[in-house]
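**Student:** Quick paste of what Swiss-Prot says about this protein:
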BINDING   413-420, 1094-1101  ATP binding site
COMPBIAS  15-30  compositional bias 'Basic and acidic residues'
COMPBIAS  442-454  compositional bias 'Basic and acidic residues'
CARBOHYD  ASN229  N-linked glycosylation site
CARBOHYD  ASN511  N-linked glycosylation site
CARBOHYD  ASN618  N-linked glycosylation site
TRANSMEM  54-74  transmembrane segment
TRANSMEM  103-123  transmembrane segment
TRANSMEM  177-197  transmembrane segment
TRANSMEM  203-223  transmembrane segment
TRANSMEM  281-301  transmembrane segment
TRANSMEM  313-333  transmembrane segment
TRANSMEM  745-765  transmembrane segment
TRANSMEM  779-799  transmembrane segment
TRANSMEM  858-878  transmembrane segment
TRANSMEM  880-900  transmembrane segment
TRANSMEM  961-981  transmembrane segment
TRANSMEM  987-1007  transmembrane segment
Amino acid sequence: MGKRTAENSAANGEGEEKHPEIGVDGRPEKEPTFQDYMRVFKYASKWDLLAYTVGVIASIGVGITLPLLNIVFGQFASKFSDYAGTETLPGDEFRSKLSELCLYLLGLFLGRLVLGYITNFAFRMTGVRITSAIRQDYFTALFSQSVHVLDSMPPGYATTIITTTGNTLQLGISEKLGVFVEYNATMIASIIVAFIYSWQLSLVTFTAVVFITFSVSLVLPYITKGQTNQTKSEAMAMSVASEAMSGIRMIVAYGAESRIGSKYGRFVDEAKKHAQFAGPFIALQYGLVFFSSYAAFGLAFWYGTRLLLEDKINQLGAIIVVLFSVMMIVTAMERISTPLLAVSKATVAACEFFTVIDAPRPEPGHLTDPDVSATEDIILEDVTFAYPSRPHVKILDNLNLRIETGKVTAIVGPSGSGKSTIVGLVERWYGLKDQYVISKPVEKPTDKKNNGGKEEDEQELQELSFAGDETGPPVDLHGRISTCGHSLDDINVKWWRSQIGLVQQEPFLFNDTIYSNVLNGLIGTKWENEPDEKKREMVHEACKEAFADEFIEKLPEGYNTAVGEVGIKLSGGQRQRIAIARAIIRRPAILILDEATSAIDVRGERIVQAALDRASKNRTTIVIAHRLSTIKKADRIVVLRQGQVIQSGTHEGLLTDEAGLYYNLVNAQALSLGEQKEGNEVIAKEERPSSVHEKAHTESTIEEKPLEKKPKNKGLLSSFGRFFYETKSNWWMMALTLFFSACAGAAVPFQAWLFAKVIIVFGYLPDESKVRSESSFWSLMWTVLAISAGLAYCATFFLSTRTASTIRAKYQKQYFLYILHQKVAFFDHDDHSQGTMAARSAEDPRQLEELLGSNMASVFIALWTLMGTIAIALAFAWKLALVSLCVVVPILLAAGYWRMRYEIKFEEMNNAVFVDSSKFASEAIGAFRTVASFTLEVAICDQFRTLNSNHVKDAFKKARWVSLLYAFSDSATIGCQAIVLYYGGRLLLSGEYDLESFFVCFMSVLNAGETTGRALSFGPNVAQVRAAANRILGLRDSQVKDGPEATGEQFISHGDGIEIELENIYFKYPTRDVPVFDGLSLTIEKGQFAALVGASGSGKSSIVSLLERFYDPDHGRILCNGQDIATNNVYTYRRHLSLVAQESSLFQGTLRENILLGVEDTVDDAAVHRVCQEASIHEFIMSLPEGYQTQVGSRGVTLSGGQRQRVAIARALMRNPDILLLDEATSSLDSESEKLVQEAFERAGKGRTMVVVAHRLATVQNADVIFVLGEGKLIEKGSHRELLAARGVYWQMCQSQALDK
């Protein structure tokens, strides 16, 4: 099958299509170009372009203000020196010049404030508007594609583009772009100013720029390498954490906390190693930058003095202007990397958007009613098909099939036989023409040499996920699907889908009301524009037909009840009935039922099946089913195997062929019903779920109670003290960090003093020898300061980064284990969801790193700087210092803090803008098939457009004030300088202070305020750190109480199974105030095969959870061999149990590692092979090239459902348990896989107690005892035959599933 890549050649005017490389994930790779970035601006309206133009001009103006400030400050220095040093300037003239220069500063302040506001507001709003437009275009383009396009993307990829990638793009085209223009303007203007005042001094001083650039370029590759590898290791650790949180019950059940914790810890230790590799280079970079900055001052003053004495410079101000201009260039060069990186990321983000926007869109077809009709047969002729995401694997092989109009056609067969593929082809999600795959943007490859083979390792990791894919030539797609003599490709796709009603195994409901979800079924039909009253009538009618009205009317909000995300507030049966109502309100000519009842319990299935039977009348109906009891009445049953029709006929007709596949499938699910009597009517009340059950479920979705009393939160100082005490092995490093940070902090007050001394030197004129000797001495002092500051900063950051990485790794590993050792009830709370706890396992220790690591070192430096500058300012000029401290320093502190905090938090603020539309996009993309099937594309895109429009309006309101605050914080320094200079000048005129006192105070105050404000902004966010510290300490305290070291009686087993007694159990889940058990009592004898059956919500799985001690009963006891399990050590007790759940929960790693999850690694191969033979999986494993060392991929994705389940059985048997718990272990398997798994269970049950929860009663009819649960109590118990003879609830359940009637 050929692949065409979604190139933007048409849009870019490229005449020749390039063939990109194919990545390891099968997707073509495309390299982003700057052309992608520039193309984004085509989404700008004329008003956006005008705003951009104004913003660029304003940014240039903002950038020029600082070089102009240097000129004014140089003039100040000259005039102050002339007045107080050489005394060549009269007092009145100095007073006049002082006022004039202060007015210049005030003008620069106001100009920067206004221009800063304009540029920030203009770039922010245009960025939001353009990003909104491109998100909308992407969203529309995505929903114009076929389903296979989404299939070609990794899971969650499209949602990530809308959310994270969209935010990245916005960053790169908004303020960051304005900052880029500003810094370029600053650099250019600074160069011009410096060379105008003294080209010779400029060239000499520029050596500092060259030195900084050269030194940074030397160490940066090593820093990048270390941080890149650290990020990779952290990503792998995060992958382990995510997988662990999603399979937490299985980890707890198998006592695998330590094993998973060790696996996680290996990646954390790797990340620490890489962080410590980069640490010395980060420290060296800091040291070199600060050394060169201070050294540049000494060099400039030394050489400037020489030029002044040689009359090549006419005043002191020229030296100041050149020096400050060069320092400004260094600062701009340092800061311009941030917007450059943002633009680079935005280029990649733009490419991500355009790969979908430019993707060729499928031909919609042109035929509609009356040219074609949906009431004719659908014919598949010689159809051969493979999915675009797996082009080498043939799914359908020359398939020929006729789906007759007005009749029910059921399609059955083993997994992978092509049943659901036929649905996809009829729905036109896929076609029989060559399919294309969306390309994957990749950044330009860097040099891979000397990288320790990391690239190869990463590629190998990626390839593991595709280990199961077959290779070979792509499958040649061919064949024809037609109706009314026309190919489906020629029929308008929206019209065709409007004739189809689809009900899937997992129905997707939007986070809206029941009424709106059902109403969605009318979109695209001729009733779409009917009056609201008519629509409401149709909704009610459809819900009645689907048996949904009965539970809807019992809800407090009725049809206006919100269903929650993906319908979470409704039970499975309720969701399914809403989906049926949504399908039949369309009054479709064709009804497709794809596993519509497979995930519903017996009682729910009975009701849903009745609704489906009613909906199928007089319609062309296609039914895909694993439960063959649901398709006995089909007009025609088609049996598939390996993509071909091998049998077809009625249920009765196919059963006559005892050698046929259908007979074997039925036999695998057959229930023995004993002697039948006439009139197998089912009690009427079974047609409807009990009001108690419905009410209970409804209440359970609304009312929640707190998990438990939360531990009292500790303050930041208390948490800091506790962590500080626990890290006493690192005290010596912390003490040294504190000492060197004090040395680094002393550099700023010392710099202020040296600056004043240098200014005084020029007061010795015209004594040139004195000036020369003094300038040499004080320039040497600058060099001493440069070396000292460089060493202090280097030592501070070397020690702090090393300490931080050590502390983070220690607590990250511990914290992850604390999480794993929590009770299962802990994870039921909304605040402790799987995703939240996976993220916290990395984020909370990172916050702790900020509390005790390098960022805190910056805070220490800032505090030492503040104390030092205040002390020296008060010592030299207390009056000016007090005014500055009371007025200027608070403003500078607040401005510096806010500005840097704003820059750090900008991305967070940016993300918040589109949060609602991002959620909606995520939901819509998750329902892609539902949207396509019900022709909801236009409605979805319109809703997304409305949300985006609202976000833009909200952003406009926020931007007005945020931009003003940012502009003020950015320009406040200039205003404060004007205040200090004016007041200081007045004090000089009055003779209260000399030149040295003034300049020491002036430089101290300005440097202290701005430097400290910036440094403090890098400090930890107090609220976040406090919350993270409390979570870590809180989980540790609860973990110690419940951990594996906890005391408790040792559980005693005598082999051959365990007797289980539940005595008067009362139980409700901690997060719901709805009783599950109300005095339940039952006994399972030693070595028995016991089955638990009953309606959904009857407590079957809850018994398994109680036996596993995931929860404790509120009242009553659970006894095993006469021992109360609550008194046993939970970890030793669980060693006697093994759990196999509906979700097999395999983890990344080899098959052997998964099988040995709950036991020691020292088990020999013979034992592993033996349990795999018992689980009927050994032969399959040995057929794999890597055998037991085969990687299973994330969540076992490279294995089929049946294979995963058999591996899970082998894992359970490996523990040689006394109790085997099987919770819906076969409910999602096809008949063939189920039969293999069932045989494995029956072998596994010998010599042990086996407790089985099942919906399919055929899997438990051989049980020694069957317990029928309902409404919190035991309704019936007995063997299969005994319960049939009683003709009670169990008999009714069997009637609804029987296959041989």
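Note: Cβ is positioned from N, Cα and C throughout, glycine not excepted.
Keep in mind the model is a prediction, meaning the values are calculated, not measured.
Could you place these features in context, so I can see how deep they sit and what lies close by?
**Tutor:** Packing around GLY1094 (ATP binding site) is summarised by its Cβ count: 24 other Cβ atoms lie within 10 angstroms of its Cβ, all protein chains included. According to its DSSP assignment, GLY1094 (ATP binding site) is in a strand.
According to DSSP, ASN511 (N-linked glycosylation site) sits in a coil region rather than a helix or strand. All protein chains considered, the CB of ASN511 (N-linked glycosylation site) has 17 other CB atoms within 10 Å.
Sequence-distant neighbours of ASN618 (N-linked glycosylation site) (same chain, six or more apart, CB under 8 Å from its CB) are GLY406, listed in sequence order.
Tertiary neighbourhood of the transmembrane segment (177-197): same-chain residues 55-56, 59-64, 66-68, 70-71, 74, 119-120, 122-123, 127, 205, 313, 318, 321-322, 325-326, 328-329, 332-333, 335-336, 338-340, 342-343, selected by CB-CB distance under 8 Å and a gap of 6+ residues from either end.
Here the transmembrane segment (313-333) has long-range neighbours at 66-67, 70-71, 73-78, 81, 183-184, 186-187, 190-191, 193-194, 197-198, 201-202, 205-206, 208-209, 212-213, 292-293, 296-297, 300-301, 304-305, 307, 759, 762, meaning same-chain residues at least 6 beyond its ends whose C-beta is under 8 angstroms from one of its own.
A Cβ distance under 8 Å defines the sequence-distant neighbours of the transmembrane segment (745-765), meaning residues of its chain 6+ beyond its ends; these are 77, 80-81, 84-86, 290, 294, 297, 301, 305, 308, 316, 771, 774-775, 778-779, 781-782, 785, 788-789, 792, 860-865, 867-869, 871-873, 995-1004, 1007-1008, 1011.
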**Student:** Output, ordered by sequence, the same-chain residues six or more apart from LYS419 (ATP binding site) with a CB under 8 Å from its CB, or 'none'.
**Tutor:** ILE411, VAL412, GLY413, ILE624, LEU640
**Student:** Using Cβ atoms only, which residues of the same chain lie under 8 Å from LYS1100 (ATP binding site) while being at least 6 residues apart in sequence?
**Tutor:** LEU1092, VAL1093, GLY1094, ASP1223, VAL1253, LEU1269
**Student:** How about the transmembrane segment (103-123) and the transmembrane segment (987-1007): do they have 3 or more C-beta pairs under 8 A, pairs 6 or more apart in sequence?
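**Tutor:** These two segments do not touch.
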**Student:** Could you tell me which three-state DSSP class LYS1100 (ATP binding site) falls into?
**Tutor:** helix
**Student:** Against the transmembrane segment (779-799), which of these stretches has the most C-beta pairs under 8 Å: 54-74, 203-223, 281-301, 961-981, 987-1007?
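**Tutor:** Top-ranked stretch among 54-74, 203-223, 281-301, 961-981, 987-1007: 281-301.
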**Student:** Can you grab the distance from SER417 (ATP binding site) over to ASN511 (N-linked glycosylation site)? Cα atoms, rounded to a whole Å.
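**Tutor:** Spelling it out, the Cα of SER417 (ATP binding site) and the Cα of ASN511 (N-linked glycosylation site) are 34 Å apart.
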**Student:** Counting only residues 6 or more past its boundaries, what in the same chain has a CB within less than 8 Å of a CB in the transmembrane segment (281-301)?
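**Tutor:** For the transmembrane segment (281-301), the nonlocal Cβ contacts are 201, 204-205, 207-208, 211-212, 215-216, 219-220, 222-223, 226, 319, 322-323, 326-327, 330, 334, 744, 747, 751, 754-755, 758, 761, 775, 778-783, 785-787, 789-791, 793-798, 801.
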**Student:** Please report the Cα separation of ASN511 (N-linked glycosylation site) and SER1098 (ATP binding site) in Å, rounded to an integer.
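**Tutor:** About 27 Å separate the Cα atoms of these two residues.
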**Student:** Restricting to CB pairs under 8 Å, which listed stretch, 203-223, 961-981, 987-1007, is in contact most with the transmembrane segment (54-74)?
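**Tutor:** The stretch with the most close Cβ contacts to the transmembrane segment (54-74) is 961-981.
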**Student:** Validating a neighbour-count step here. Other CB atoms within 10 A of the CB of GLY413 (ATP binding site): how many?
**Tutor:** 26
**Student:** Helix, strand or coil by DSSP: which one applies to ASN618 (N-linked glycosylation site)?
**Tutor:** coil
**Student:** SER417 (ATP binding site) has how many other Cβ neighbours within 10 Å of its own Cβ?
**Tutor:** 24
**Student:** Can you grab the distance from SER1096 (ATP binding site) over to ASN229 (N-linked glycosylation site)? Cα atoms, rounded to a whole Å.
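**Tutor:** Distance between the two Cα atoms comes out at 48 Å.
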